[in-house]
Amino acid sequence: MAAANATKISWRLQEFEAHSSSVSCLALGKNSGRLLATGGEDCRVNIWAVSKANCIMSLTGHKSPVECVQFNTSEEQVVAGSQSGSIRVWDLEAAKILRTLMGHKSNITSLGFHPFGDLLASSSMDTNIKLWDVRRKGYVFRVKGHTQAVRSLAFSPDGRWLASASDDSTIKLWDLAQGKTITEFKSHTAAVNIVQFHPNEYLLASGSCDRTIKLWDLEKFTMISSLEGDTSPVRCAFFSPDGGCLFSGATDTLRVFGWEPDRCFDTVPVGWGKVSDLAVCNQQLIGVSHQLSSVSSYVVDLKRVKKSGGSPKDPRGAALRKSYARPSTTCSSQRRSPSEDEGDEKLSSAEIHNPEDFKEIFQPKNAICRSTAPPSCDPTRVLSLFVFFCEQSFVVSQAPPLASSTPVQRVEPTVVSSPPVTTARTRPPPKIILSTRNEPIGLNVADFLPVSQRRPAALSDEDELSQIKKGHATMCVMLSSRRKNLETVRMAWAREDAKNALDIAVSMSDLSIVVDILNILNLQPSLWKLDLCTTVLPQIDKLLQSKYESYMQTGCTSLKLIMKHFWTLISDTLRATPSVGVDITREERHLKCRTCCKQLKNLSNIVKNKASQVGRHGSAFKELQLLMAPLDDAV
């Protein structure tokens, strides 16, 4: 970052040509304040380092002008929405597209990533707001309530609420668990451009074309402040990292506001024109704006800006206001393989213009393995491939999955070693065995050596190999048995149907076989029937309580599929008025629905207990908790 001028509080950092045609949108990475994404009428998304004028990479694939762009929390992904209503998500480290999302009927106006997990919110000129899971196509749910275009979306820090601001002068607060409006704020007299949650307290800020910023108490759902002073529409609003003040960006001006009582701490003239976004980096506020095809970045030295006043805050307000409950550890989004859509793969690309900057910014850590999708998703074909794979995998290590997009269950190693010896380096086994790790669980080279040889001494190669191979025979027997079981299930599937194959897999009392079958079924929602749900749900109970993260992920995926495709049928069937006379088919369906509902309620309790966990599995349970909220009102 450029050094601060000795006399100036603000200055222009740089100006550069960002696109071959007009720039339509900008976004700064809020985590670091050092990354900038620009979208243009040339249908491209360009990624920049704030302090450099050279484009790091250019992302292509959109067929119409890019209208909106946003980074995720960890700045590992970027999403862009186009004039046609399509949305594309890219993995910046892999320089590949992750997903193309279609569903809006007109140009995208706002985008926002969930603070944890893989959820994305989008809004459009069609007034709809949609929540997506970027790991799959199709939206999770849609909400509608605004009468004009939605201009800004923001998730609460705990991920429970979504705030939306609209041209209809209103702000709506949505409960994600219920999928409905909690409240609506109507005090603005013109279009609302920006909405932001306080990082800690139950406060919401909104900036409007009526030249005011209003603060809303999210416990009482009342307005507590109306901050005035801007002479032009408020375009950006950003709470300081500690939540002590609010930065307001308007044409050529930055204002620093406090509340309870309302006051303006400082006004800083900045020649940034119609500023588009704000972020903080190393005690410097970064502002970016665009005009035609050029982009300008500006710096405000916050060490020379007044951010507090002499008047103490009202003790009845902030001191007693509720704070968000969040996990103690922030987890970044789990990386996935590129989109399976081959058409997108051909049309979308990432052109890396500056390899050195790209490697420094996006690949500072060890490379992450990304495998490609299988050539076919035919269930029996996938199962046949995995049977062949098992025949080739007689090694003392875990068997890798067929592909990250078809996560056929890994074989967890069973190691037979020499009698254990207690040493100071012995570590307790992890409570949850992660599905991706840098070293095999349970393997310690010293465990394979005789006690007398753990001290520096001579040991022949033959003796070392003999010790290491002690577990090999056991692993071969286990893999051979698993291959035989999978072959039996594959033949049953080819001869009859998926339900019969799964029944046979369950009867084998080998959870790994069930997981392998579910990983294939999860790719084929059309194969699922209510009969299949009655068999799968008891197995999901076991998977969710497993110590293997990969088992939990498979269980979560199957449970999401059941909730999405069968909950409406189950609920409607149980609520329906009993028919007159005897209807055996209806009674059988009613019995199956009642059984499924009971099992789903049991699973809902497990999900709620595990939703507080952190990591990839914790994010999956949080998403499930939102999806299973309707069970609380079930009959």
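Cβ atoms are placed via backbone N, Cα and C, with glycine included.
Taken from TrEMBL as is:
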- 16-58: repeat 'WD' (REPEAT)
- 33-185: domain 'EML-like second beta-propeller' (DOMAIN)
- 59-100: repeat 'WD' (REPEAT)
- 101-142: repeat 'WD' (REPEAT)
- 143-184: repeat 'WD' (REPEAT)
- 185-226: repeat 'WD' (REPEAT)
- 307-354: region 'Disordered' (REGION)
- 326-336: compositional bias 'Polar residues' (COMPBIAS)
- 345-354: compositional bias 'Basic and acidic residues' (COMPBIAS)
- 470-628: domain 'Katanin p80 subunit C-terminal' (DOMAIN)
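Per-class residue totals from DSSP over the repeat 'WD' (143-184), listed helix then strand then coil: 0 helix, 24 strand, 18 coil. Using a Cβ-Cβ cut-off under 8 Å and counting only residues 6 or more beyond its ends in the same chain, the repeat 'WD' (101-142) has close neighbours at 67-73, 77, 79-89, 148-155, 157-159, 162, 164, 166, 174, 176, 179, 326-327, 330-331, 333-334, 336, 564, 618-620, 622-623, 627.
Residues belonging to the repeat 'WD' (59-100) score a mean pLDDT of 89 in the model.
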